[in-house]
Amino acid sequence: MFDKNNLKLYFICGTQDIESKTTIIDVVTEALESGITMFQFREKGNGALIGDEKEDLARKLLALCHDYAVPFIVNDDVALANKIGADGIHVGQDDMDVKVFAEQFKGKIIGLSISNIDEYKTSNLAHVDYIGVGPMYATTSKDDANLPVGPEMITKLRAHVNHFPIVAIGGINVENTREVMQAGADGISIISAITKSENISNTISQFLQNVE
């Protein structure tokens with residue numbers, strides 16, 4: 001069951017985002033202990049795991065998230081999400097149409113990326129629980145990221161979607177979080193600000209203060 005409070009501090013990562021001095025299990029464990037509200041497994045890019053290795057890691061992370069009662073979302077990979085019993089799936093505009101797999105995910109969380117008003121107008125949100133809007137600012141975490149749309153895009157979308165849950169993503173850090181929240185976001189998605197942090201617990205504590 002989806003609760004928009006899950007979006008408050010939504011951590012996204014895969015092995016490609018992790019510094020060599022640590023492991024994804026260690027990073028996600030510390031993030032969970034520190035208070036993230038949802039986790040998305042996004043295994044993409046150079047050196048990303050595939051096949052059985054990807055599935056094995058996904059199962060470990062799923063179990064870890066459930067230890068902390070935090071929803072575990074899979075990015076794009078509908079087959080994997082279905083196979084391991086993930087709590088949900090997040091897809092982009094170029095991925096499979098939501099209505100194609102929505103039947104398989106009844107009772108699960110479905111997220112969709114939207115970057116602008118045109119994408120909103122052509123998206124069927126009937127089966128979608130939340131939309132991810134961005135990138136807010138320039139980001140280095142995604143090789144395929146669009147140009148920044150800024151927090152003002154959230155304000156524009158709010159005029160169309162009313163109270164529909166929105167999570168902001170892209171280049172968000174402790175300093176600009178309040179600006180994003182004031183624009184109308186229900187929460188923030190974070191990758192590198194957590195994975196590259198020297199003190200994950202402290203970073204997450206600051207984020208949680210700023211999303212309130």
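A Cβ is built for glycine as well, from the same backbone N, Cα and C atoms used for every other residue.
Taken verbatim from Swiss-Prot:
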{"type": "BINDING", "residues": "Gln40, Phe41, Arg42, Glu43, Lys44, Asn75, Ser113, Lys142", "note": "4-amino-2-methyl-5-(diphosphooxymethyl)pyrimidine binding site"}
{"type": "BINDING", "residues": "Asp76, Asp95", "note": "Mg(2+) binding site"}
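Feature annotations (Swiss-Prot) mapped to structure.
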residue : record                                                         : contacts (Cβ under 8 Å, 6+ apart)
Gln40   : 4-amino-2-methyl-5-(diphosphooxymethyl)pyrimidine binding site : Tyr10, Phe11, Ile12, Cys13, Ile73, Val74, Asn75, His90, Ser189
Phe41   : 4-amino-2-methyl-5-(diphosphooxymethyl)pyrimidine binding site : Cys13, Gly14, Leu57, Ala58, Leu61, Phe72, Ile73, Val74, Asn75, Ala86
Arg42   : 4-amino-2-methyl-5-(diphosphooxymethyl)pyrimidine binding site : Ile12, Cys13, Gly14, Asp17, Asn75, Asp76, Ile191
Glu43   : 4-amino-2-methyl-5-(diphosphooxymethyl)pyrimidine binding site : Gly14, Thr15, Gln16, Leu49, Lys54, Leu57, Ala58, Asn75, Asp77
Lys44   : 4-amino-2-methyl-5-(diphosphooxymethyl)pyrimidine binding site : Gly14, Gln16, Asn75, Asp76
Asp95   : Mg(2+) binding site                                            : Asp76
Ser113  : 4-amino-2-methyl-5-(diphosphooxymethyl)pyrimidine binding site : His90, Val91, Gly92, Gln93, Ile131, Gly132, Val133, Gly134, Ile169
All-chain count of other Cβ atoms within 10 Å of Asp76 (Mg(2+) binding site): 17
DSSP state at Glu43 (4-amino-2-methyl-5-(diphosphooxymethyl)pyrimidine binding site), helix/strand/coil: coil
Around the Cβ of Asn75 (4-amino-2-methyl-5-(diphosphooxymethyl)pyrimidine binding site), the count of other Cβ atoms that are within 10 Å: 21
Assigned conformation of Ser113 (4-amino-2-methyl-5-(diphosphooxymethyl)pyrimidine binding site) - DSSP reduced to three states: strand
